[in-house]
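One structure below.
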Amino acid sequence: MAHGEPYYSSKPDKDFNFGSTMARRQMTPTMVAKLPNFVRNSPQAYDWIVRGLIFPTTGKTYFQRVVVITGGLEDGTYGSFVFDGREWVEIYPIEHLNLMSSLKLIHKANALQERLRLSQEEKATLALDVQFLQHENVRLKELIPKPEPRKIQMKWIIVGAVLTFLSLIPGGYAQSQINNTIFTDMIAACKYSTETLTENLDLRIKLALANITISDKLDAVRQILNFAFVPRAHWLRTVFYYIHYYEMWNIFMFVLAIGTVMRSARPGTDLITLATSHLSGFRMAVLPTIPFHTTMTLWVMNTLMVCYYFDNLLAITLAILAPILGIIFLCFMEDSNYVSQIRGLIATAVLIAGGHACLTLTGTTTSLFVVILTCRFIRMATVFIGTRFEIRDANGKVVATVPTRIKNVAFDFFQKLKQSGVRVGVNEFVVIKPGALCVIDTPEGKGTGFFSGNDIVTAAHAVGNNTFVNVCYEGLMYEAKVRYMPEKDIAFITCPGDLHPTARLKLSKNPDYSCVTVMAYVNEDLVVSTAAAMVHGNTLSYAVRTQDGMSGAPVCDKYGRVLAVHQTNTGYTGGAVIIDPTDFHPVKAPSRVELLKEEIERLKAQLNSAAENPATAVTQQPVVTLEQKSVSDSDVVDLVRTAMEREMKVLRDEINGILAPFLQKKKGKTKHGRGRVRRNLRKGVKLLTEEEYRELLEKGLDRETFLDLIDRIIGERSGYPDYDDEDYYDEDDDGWGVVGDDVEFDYTEVINFDQAKPTPAPRTVKPKTCPEPEAETQPLDLSQKKEKQLEHEQQVVKSTKPQKNEPQPYSQTYGKAPIWESYDFDWDEDDAKFILPAPHRLTKADEIVLGSKIVKLRTIIETAIKTQNYSALPEAVFELDKAAYEAGLEGFLQRVKSKKGSKKLQRAPEDQGAQNYHSLDAWKSLLEPPRERRCVPANFPLLGHLPINRPIFDDKKPRDDLLGLLPEPTWHAFEEYGPTTWGPQAFIKSFDKFFYAEPIDFFSEYPQLCAFADWATYREFRYLEDTRVIHITATEKNTDSTPAYPKMNYFDTEENYLEAHGWAPYIREFTRVFKGDKPEVLWYLFLKKEIIKEEKIRNSDIRQIVCADPIYTRIGACLEAHQNALMKQHTDTSVGQCGWSPMEGGFKKTMQRLVNKGNKHFIEFDWTRYDGTIPPALFKHIKEIRWNFINKDQREKYKHVHEWYVDNLLNRHVLLPSGEVTLQTRGNPSGQFSTTMDNNMVNFWSQAFEFAYFNGPDKDLWKTYDTVVYGDDRLSTTPSVPDDYEERVINMYRDIFGMWVKPGKVICRDSIVGLSFCGFTVNENLEPVPTSPEKLMASLLKPYKILPDLESLHGKLLCYQLLAAFMAEDHPFKVYVEHCLSRTAKQLRDSGLPARLTEEQLHRIWRGGPKKCDG
C-alpha cells in the first residue's frame, strides 16, 4: 500500500467505499497489521472523528482526529474500533445503515454458502454410504444358504400308496355294499327308453301345435343338464357318471396324497388327516377347516374323526365339549397362542356336529363343504379389491383418489337436487388486502403472516421455538425477531424497518362472525375463501379446507377487519383463534399477594352465590400443556380424540344455534355466574415451594395462604366437565370479579384499578365485633380543590386495620379501601421532588415506554413547586404508575419510601464518601487491631475488630397469650424441644461444624472412582449444558435480608439500599471485578432462631448462618441463577428436589419413582454437620463441574470472575456480632446463593463415589441406581448392598472425606415403607407422615416468635391438620390439633376461615383433583 493512498481490505470494501476517504488515507502498515478480525470479504466504514469525542480530554489534543473503523466481526456482532496509537480499542458502535444492510446480506450469503457446503458434504457422505450398503447387500446375499431340494423318502411313498389303495376299494366305504355295475338292470333300461320316447313324442306334438309353456322350457333345460339327449352308451355319460359316483373325492384324495408326499413339511400328519377324513365320511368338508387348526387341535380333530367311525354320538359330545374345556384348561397360554387353540377347537366342533347333520339329512357333506368354503371366500374378498384407487404422477405424488364402491346414482341425484335450490339471496362483496400478507419461513416449514400495527402477526405453531424467522414479502427475504407469544396460538414478530411502509390490517372494533374471509399464501399463490363461522369461546370454526402454509392467515370480516388468526384444521372444519387488542402486549403477571386477594374475593362471591342458588357451579377449564416429545400410539389416539371432541363441540354449537329460536327461556331468571369460565383462577401452580415447605414445618401457613388453598380446592371441585355450555357464557364478563345473580352494578360508584395497581394493600384481618357506621365511599374527583379532597379523606377510613365492608363488584380485597388512598395524601415539596428519580437512575425501559409521561410529570412537578399547588400531582402520578404497571414496570410510588411509614435510617457520614460502604472491600478501611477473643474459638485466627453494635446474648423465650385458649396437652413428648437461646459460648461451639476428621487427597488416591463420579454427575445434570450468565439487574433474591457489613450500619435491608442507590453500585462493582480486581468480601455471622432439642440448647449447639454483601451474592446469582432455575424445573426426573412440592401427589410420585426401579434395597442416609465437613477440594471441584456447563464463550469470558467468586466462598473473612473478624476455610457457607444446589451436587457425587467404591465403576449397573436428595437429605434405591454396609460406609466417609455419619443413621431395608425424606416418613400407600410430630407440637406450644392474632393461630392449626392428614386417627398429636381447632373455631366464626378442613379437602390438597390425581 503506497503512502497517501486509501486503504481497502477487500474488493467489496473498495466497491462500497463506506465512510471517509481521508480516514482510509491515514491507515499505516502498523494499523493494518493490528486490525480486528472483521468478516472476510466484507466492507467497513471509516470515520475521521475528533479525538475529544472519543477520549474525553481538556488538553491540546482535543481537536486531533483519530481513525474509527466500523464493521462486522467474525462472531456475528457489529462493532466500532478506534486506534489510540498502540492498538485498536472497541468503543460504542457507530450506526451506518448502509453498512449494516450490506453486512446483513453478506452474513446471510455466508450462512447460505455454509449450509450449501454442509449439504453437499452430507450428500456425498450419504452417496458413499449407499454404495457401501449396496456392496454389503450383495455380499450378504451370497452368504445366504440356498435351500436344498427335498429328498423324497420311499417310506412315505409306500404309506401313501397303501392308504390310497385302501381308500379306493369298495370296502373302504362306511356304507353297505351296493351293486353299481352298468347294464345289469335291463328292465329299468328299457323302461327308461320307453319313457324317453313318450316324452319326446309329447314334446313334438306341442311344438306342432305351438302350445309350449314355461314348464316345458324348464323341463327341456333340465334334460339338457341331465344328458337326456346324449346316447345311453356314449363315453361322456359314462365319465360323468363315475365322477358323480365317486363325488370327485377319490381322485382328489389321490392327488393330495401325492402332493403331500412331495411338498408337505409334515407329511405324516397330513396323510393321517386325509385317511381319517375318508374313514369318517366327512371327506371334502375337512379340507377348508385345516388352516384354522394348530398342531394340537389338528390331532384332536383326527382323534375325534376316528372316534366318529366307531361311535358318532361320543365323538359329537366330545367335539362340543372341546372348546369349553379348552377355554378353561388353556388359559395359561399367552393371548395369541390361546386364541389360535380355541379357534381350532371351535372349527373341530363345527365340523363334527355339522358333518353328522349333513350325513344324516342328505347322506353327503358337500353342503357343509360349500358353506365353509363360501365363508372363507367372503372373508378374503377384501384382499382382492381395496377401498379406493390412487392415481399418482411420475414423482409418485397422489393426484386423485377414486373409490372402488359403485356410486349410488339415485342418492347422488337427490343430493344434488336438494343442494341446487332456488336462489333466495345475493352474496356480498368482501374487502381483501393482499399487500398486507407475507410468508413466514422457518426451518420447520412455512406459514402465513399479516401486518398489523408495528408487528407481523402469525400462528405460534408456525413459529415454533425459533427466536428469529424469515419474512418473505414480494420476493424479498427479511430477518425478523419474534417479539411476544401470548397464551393463545398467536405470535407477534417485530416488523423489519424496510417493511413499515406496507399495508396494514386493522382489528375489528365490532366483530361480526356471520361471514368470514380467509386469505393466505399457498405455494406462492394467494388463496381466498369465504364461509360462515361459529364462535366457540375464544375460537372460530368454519367450513374451509386447510392447506399447507395457511397457518397464521388473517380471518377478516366483509370490511377487511381482522377477527382471528387461522390456526388449524381437524378434518371437517377450519379453526381460528380470536385476537383482540390486549393480545398485542404482554401483561405483567400479578404478584402472589394480588392473586391471593383476588381469589379471596372470588371465593366469597361464589359462596354468597352458592348460598342463594345451590345449583350454581363453578367450572374450571383444564390447562392444556404442550410438550415436545416423541410421538407414540397413545399420543396419536389422544390427538384423534381431541380432534373428534372439537368436531363434536362445533356440531353441538351449530345445532344449538339452529334450535335457539325454538327454545323457551325462563322469565325472571338469569344464569350470570353459573358455570362461567373463571379466567383469573390460578392454574397449574405448585401449592408449596421448598422454601414455603420448610417454613410450613416450623411455623405453618398464614391466613392468606390458607384462603388461597381453599380457593384452589373450590375451583377444582368441578374438574370433570370439559365443555362450556353457551347458556353459561357471558360475553360481558370482563374477568374482574364474580358476583351473585341478583347483584346490580353501579358503574359510576367507585373507579377501582386493582388489576393494575402498583402497590397492593395487605389483607384485612378480622373486623371488630361492633363496627362503627361508615360513610359511603364516593368516587374521587381529582379536579376538585384541596378542601374537597380533605373532605373526601375524612369520608374514607384510613385506619391501618380497616373495618369490614361488603365486597364490591370490582373489588379484589375484602374490606380494602380504594386504591386512591395510596395517592391521595397531603403532597408537599419533598414528595414532589422525590417521586421521580434522577434522569441517570432511570432504566432504558423507563425511557422507552414512559418517556413522554415522565416529561409531562416533571413539568407538572415544576409548576406545582412554583405555585405551591399540588392538587394535580395525585392524578398525574397515578396515571404514570398505571402505565408503568401495564408495561410490566415497577410503579414510581413503590420505588420511593413513604414518609408516613418509612423508618428513619442512619445515613453515611458526609466525610466518608460513598465508596466507604459501596465497595466490596470497604470493611478493610474500618478494620481495627484485634481485641479480646470472646466468640472466636482458639483454633481460628483473629484478624481484627470492626465497630458494630449487635448483641451476643439471646435468652428470650416468647410467651404467647393466645396459647391460653388452647387445652392442656396430655402428650408431653414435645417438652424435649424448645426455641434456641445462646451466649458467647454458642458462637464458639458453632465452629465445631467444620471439624470431624481430616480428608485425604482422594483425587490422587482414587482417580478411577473420582472419574466415575464425575461421569455420573455430568450424566445426571446434562440438562445444564449451555447455560448462561445473566445480567446483574436481572437477578432475583430476597431483598428483605440484611445487607451485611458495613451497609447494615445504614440500611436495615437490601431493599432499603436498592431504593436509596439503585443498581449503580452493583454494576460498578461487577465491572470492577470483571476488569481484574479481586476484592476480599466480608461475611456476617449470626445464629439461627429455631426449634431444636433442649439438650442441644443446654450444650450451646446452635447452627450458624453467614451472609455476604448483597452485591457479592448477586454476582453469584449472575453466574448460577440460570442453572438453579433449571434444577428446580427438573425435580421429576433429576435427583435434586429443590423446588419440589410434596402436595398434589408430588410426594407419592417421587416415592413411586424409586419403587419403579425394581431394586431390592432402599437406603435412608442422615448426615451430621454435612455442609460444614464438605472437603474444600470436593466443593471446589463441584463448582468447576457447574462452570463447565456454562456456554463456552461466556465460560471463557467470565472465567476470572468465577474464580474470584469461588475463592471468596472457600476463604471467607467472617464478622461476628462481637466485632471480631476471623477466617473460615472449610465447608459450604449456609448463606451463599446456591447453598442447597451445591449440597445436592456434592451429595450425588459422593453417592456415585460410594457406589463405585463398593461395586466398582460399573456404568451399566449404575443405571439401575436412583436417588433423591435435598441438601443433606438422601433417599436412594440400589440393586446391591455389601455385607456390613453401615459400618463400611461410615468408615469410608470418615477416612476418605472426613465427613461424619453417626451409627444408626444409615437405614437399609428391602421396602421403602418406614423410611423418611424431608421430614416425612413413607407409609404403606407411599403417602407422607410427619417424622417428628413432637417438634411440630413444640413449635405450636413453645414458639420462638409470637403470633400476631388469633386468625394466625387458627391458620397454623389448620396447617398442622393438613400435615397430620395421613397419621393414625388416635395419634395424640392429631387428636390434640382437632381439639385445638374446635376451641379456636368458636372464636372465629366470622373470619372467613373454615373451622377445619374436611377429609375430601385434605385428600385434594395432598393427592390433587380429579384431573391431577396421583394416588
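Cβ coordinates come from backbone N, Cα and C, glycine included.
Among the candidates TYR62, TYR693, TYR814, TYR917, the residue that Swiss-Prot annotates as O-(5'-phospho-RNA)-tyrosine is TYR693. Mapped onto DSSP helix, strand and coil, the domain 'RdRp catalytic' (1160-1286) counts 58 helix, 27 strand, 42 coil. Within the model, the coiled coil (587-616) carries an average pLDDT of 68. Neighbour counts were taken as the number of other C-beta atoms within 10 angstroms of each residue's C-beta; across the active-site residues HIS461, ASP489, SER551, the minimum falls on HIS461. When secondary structure is read from DSSP and collapsed to three states, HIS461 (active site, charge relay system) falls in the helix class.
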